[in-house]
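For reference, the structure discussed in these notes is given below.
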Amino acid sequence: MGSFLLCLLLVQLQWCLCSNVLDDLLQQTNIAFLSQQDVIGVIPVNQIPLVGVELCSMFETVGDGQDTLAAMLQTGVQTLVMDIGYDEDAGGWQMCGRTSLSEGISTVSRQIERLFPTLYANLVVLVLRGGAAEAHYEALRDAIGRVGRWTYSAEKVKATSPHLNSLLDDQEKRVLVVALDDSLCEALGTVAFGPEDVAYVEGNDTIDCSEHTDSWSFIEREFHWTDVREYVRLGCSPVITGKSVANISELEALVKVAQVWSWGAGEPALTDANSEMQRCASLGYDSATERATWKSTSCRQNLPVLCQAVNDRYSWLVGTRNLRFDQLNMDSCPSGYKPSVPRTPLEQREVERYLSEHHPSDGQYWIYLNSISVEKCWVVGGPETPCPYVALVSTRNFAAMIVTSSILVLLLLVLIILLDLVRVPIQDNRRSWKRALGSYSKAETEGVPM
């Protein structure tokens, strides 16, 4: 019995230790990226900024092979730009003239499947360059078809304009295909976006990404930590070349810098689990740089709210009253506007432009974003908005569970101590019983006739 109770105690203690480990992992999670994904989830997929790599030059720098391709996807890369061609000697399509396109696409499919049930499931855009002879069209379709389970056709995107959450969660699709060559586009048919559907420039060529609000604006060049986020902020989707990094670790760091365009450095601040002080978000405007970033803020502060036009994503105003976060509602904004948060880099750029013209001094404004319901889970809306990532109990219920578990642990510990220290009467009488049985056996032996 004591051993059984000890096992129960160990299981309980192990649960507590696992909770600590999970909490440590949460501390390491890219909370800024997850919250940004939630914010951008209602934007049409072909208007979402992406961070990608040019595979051929990247293979030259960090090495080629399927493991390298998988590692790139694990860093958070969302766009794979690849030069492809049909190799007569190999009898199939090749990627960068060195590896099988079919094998590369299979690697992409496996990596998507591995990340499918996780928080980091994301969109992957395959951008294909090269020429295709009609005789090899079917082989190309077969190669791209290896990721067909996850592919959403360009034809459907154009017809329905699905937002990111719909594509990832409702449709359970992850892949879009872009063909930058007319012959590739013809080979893939309605599956792929054509060269007329996107803007794509290389090297020192220039592009005004803000003019292409209904499609991706890719810019391929050498990027560094100091400039890559600026391109994203302007609405561009950077394609990082191999000259930008020396290894996978540097690529991962550069991708992370590029992906988070919203929060300021060191934000959102990690607060005490029992504190609700820094669980609301504000937008801070720096007049010197004319830049705005998000920051975690005490929900009890009185600030004006940032308002977005109901029918125009790029029209913004500042409310006239200073309010606490829990006081925000439709009445906090002028007619035709609502409390909101910039959901894309271009929306935030319009906020900066508006503030520079109408509120040119440094300022701080509420945005409709908070983590009041669940710590570290930043969601768009008011204090009662639930966390979309995981189903969690409230802080009060969680505290009640901890108290109950602690009491059970204490009771089990007391029982184990009692069983070890207090003798049971049957155990105390065991020697007496042995003596009685011994005497009886001896008497019975002595009574046997000779």
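Using N, Cα and C of the backbone, Cβ positions are placed for all residues, glycine too.
Features reported for this protein in Swiss-Prot:
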type     : residues : note
CARBOHYD : ASN204   : N-linked glycosylation site
CARBOHYD : ASN247   : N-linked glycosylation site
SIGNAL   : 1-18     : signal peptide
TOPO_DOM : 19-397   : topological domain 'Extracellular'
TOPO_DOM : 419-450  : topological domain 'Cytoplasmic'
TRANSMEM : 398-418  : transmembrane segment
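The number of other CB atoms found within 10 A of the CB of ASN247 (N-linked glycosylation site), across every protein chain shown, is 11. Across all of the topological domain 'Extracellular' (19-397), the predicted model scores a mean pLDDT of 91. ASN204 (N-linked glycosylation site) is surrounded by 6 other CB atoms, counting those within 10 A of its CB over all protein chains shown. Counting only the Cα atoms, the space from ASN204 (N-linked glycosylation site) to ASN247 (N-linked glycosylation site) is about 24 angstrom. In the three-state DSSP classification, ASN247 (N-linked glycosylation site) falls within coil.
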